[in-house]
Amino acid sequence: MTAIAVQAQRLLAQRRPQRPFLESFIRVLIIVCAALALVLSSVSICDGYWLLDGDHLFGLWHFCTSSNQTGTHCLRDLSRAHVPGLAVGMVLARSVGALAVVAAILGLELLMVSQVCEDLHSRRKWAMGSVVLLISFILSSGGLLSFVILLWNHVTLTGFTLMFWCEFTASFLFFLNAMSGLHLSSITHPWGQPRKF
């Protein structure tokens, strides 16, 4: 009975190598920051009001005008904003932004699974999750850039709303977490290091 218990402990020790505290702490920080970025991006995409220009409010989903007589009037038909290519361009911007959120969910899930279910493939899952977060950054940045390019004539630095800055911050956090995750993975498990099977 004792020999079986010792053998089981050896197998568990081989399956679950102990990590230094600092490495575990950094991995938890990366996961928490990625989750924060995901929440910021989701709220920003769902709200969608990103630019205020005088009495016009431009968003991913709606175009609004406001006046003292009629109050705020919002339209889903973005072609009535009289901005060339806005209706088609916003379909691209919100689709890319939504795909960024989906990619971030997948990346965050891979990061968490790699920490909760530690096995021989946990480091690979961590690296894959970091790569997917990097893809999320590229998609998120593409949505932001397409929005700014479409409305370039209306853009002012003070005209961007809080939701735009939330998406900007989320995009930056996606990049920061992806690069940190890849760097941590390369430090703790170098790519050229021979692996035992």
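Numbers here mean position along the shown chain, with the first residue as 1.
Placement of Cβ uses the backbone N, Cα and C atoms for every residue, glycine included.
Taken from TrEMBL, the feature transmembrane segment covers 25-52 (among others).
Annotated transmembrane segment per TrEMBL: 86-111 (among others), in sequence order. When Cβ-Cβ distances below 8 Å are used as the criterion, the transmembrane segment (86-111) is approached by residues 27, 30-31, 34-35, 37-38, 41-42, 44-45, 48, 60-61, 63, 77-79, 125-126, 128-133, 135-137, 139-140, 142-143, 146-147, 149-151, 167, 171, 174, 178, 181 of the same chain, each at least six residues removed from its ends.
Sequence-distant contacts of the transmembrane segment (131-152) (same chain, at least 6 residues past either end, Cβ-Cβ under 8 Å): 34, 41, 50-51, 53, 58, 60, 83, 85-86, 89-90, 92-94, 96-97, 99-101, 103-104, 106-108, 110-111, 164, 167-168, 170-171, 174-175, 177-179, 181-182. The transmembrane segment annotation in TrEMBL covers 131-152 (among others).
The transmembrane segment annotation in TrEMBL covers 158-176 (among others).
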